[in-house]
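Accompanying notes for the structure given below.
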């Protein structure tokens, strides 16, 4: 391990295999806190490479609790969090709407990073159990088209890094790993990142990890497809990556100010999204979810974003998406 430390302290990049070896030791709790802090900061200052990020993700996936991976096509829709906008839980709502549109979503998530309510906080407020077994979650995915995988339940090795991360009080590689370590290992993913500089590197990382099709997005300060500003996209499709920009108009949607998407505490967000998913919500909220669902559906081969957004809006207005929330809660 010492040779890897010395390599990092010379500001040299690790290979994918070296990164996997190092992070396997981290999740086993084999590094001293001072060593872990030095590793994370040296990588941060130099800038983590896609190979290093992929190696770290592979180490955490190898250490994760097993999930019975389905053989049908399914996706994740998830953000890094930490964008500081304190918005409503767009990706969580989008998962239920996408399932209503007929696709399968295994959403990986955690407690809040920067907002007052992360996806897990919101689901708990809806009465959805965070500690469902992997088998129960797989059945929900089969039957309802949506399940939620609570990161700490599958990634116990994360706890070894937590004290150091809390003391450092700065973003490190761990802040981008969450969306890359879904234990169900989906072949498709829509991933939001907190910084535009991460869009292409994370898409390159998804290529290394073997994703079939994926889109990495950052929109006007948000780790989502935005309806207040252009969204930067890097789309991976069978090994090739295309970078482009999307505007709300590309989805046939109106623009709304970022302030229209302000969220609150988990109970407030629950009430906002309950109204939305029952077809009684704010038009800005519906548009934000429709844009994200539309891009997710594109990953399934539905290439027309305007048509996809319209399909999502119809599902939102029908109230069918909320039926999946109550059905998932009833499985507790």
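Any Cβ shown, glycine's included, is placed from N, Cα and C.
Taken from Swiss-Prot as is:
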- 79, 110: anthranilate 1 binding site (BINDING)
- 79, 82-83, 87, 89-92, 107-115, 119: 5-phospho-alpha-D-ribose 1-diphosphate binding site (BINDING)
- 91, 224: Mg(2+) 1 binding site (BINDING)
- 165: anthranilate 2 binding site (BINDING)
- 223, 224: Mg(2+) 2 binding site (BINDING)
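Sequence features annotated in Swiss-Prot and their locations in the structure.
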residue: 79; record: anthranilate 1 binding site; Cβ contacts under 8 Å, 6 or more apart: 91, 179, 191, 192, 193, 194, 223, 224
residue: 108; record: 5-phospho-alpha-D-ribose 1-diphosphate binding site; Cβ contacts under 8 Å, 6 or more apart: 76, 78, 149, 151, 178, 179, 181, 182, 183, 184
residue: 110; record: anthranilate 1 binding site; Cβ contacts under 8 Å, 6 or more apart: 81, 118, 119, 120, 150, 151, 152, 178
residue: 111; record: 5-phospho-alpha-D-ribose 1-diphosphate binding site; Cβ contacts under 8 Å, 6 or more apart: 118, 120, 121
residue: 165; record: anthranilate 2 binding site; Cβ contacts under 8 Å, 6 or more apart: 40, 172, 174
Which one of the binding-site residues (87, 91) has its C-beta surrounded by the most other C-beta atoms within 10 angstroms? 91
Mapped onto three states, the DSSP assignment of residue 108 (5-phospho-alpha-D-ribose 1-diphosphate binding site) reads strand
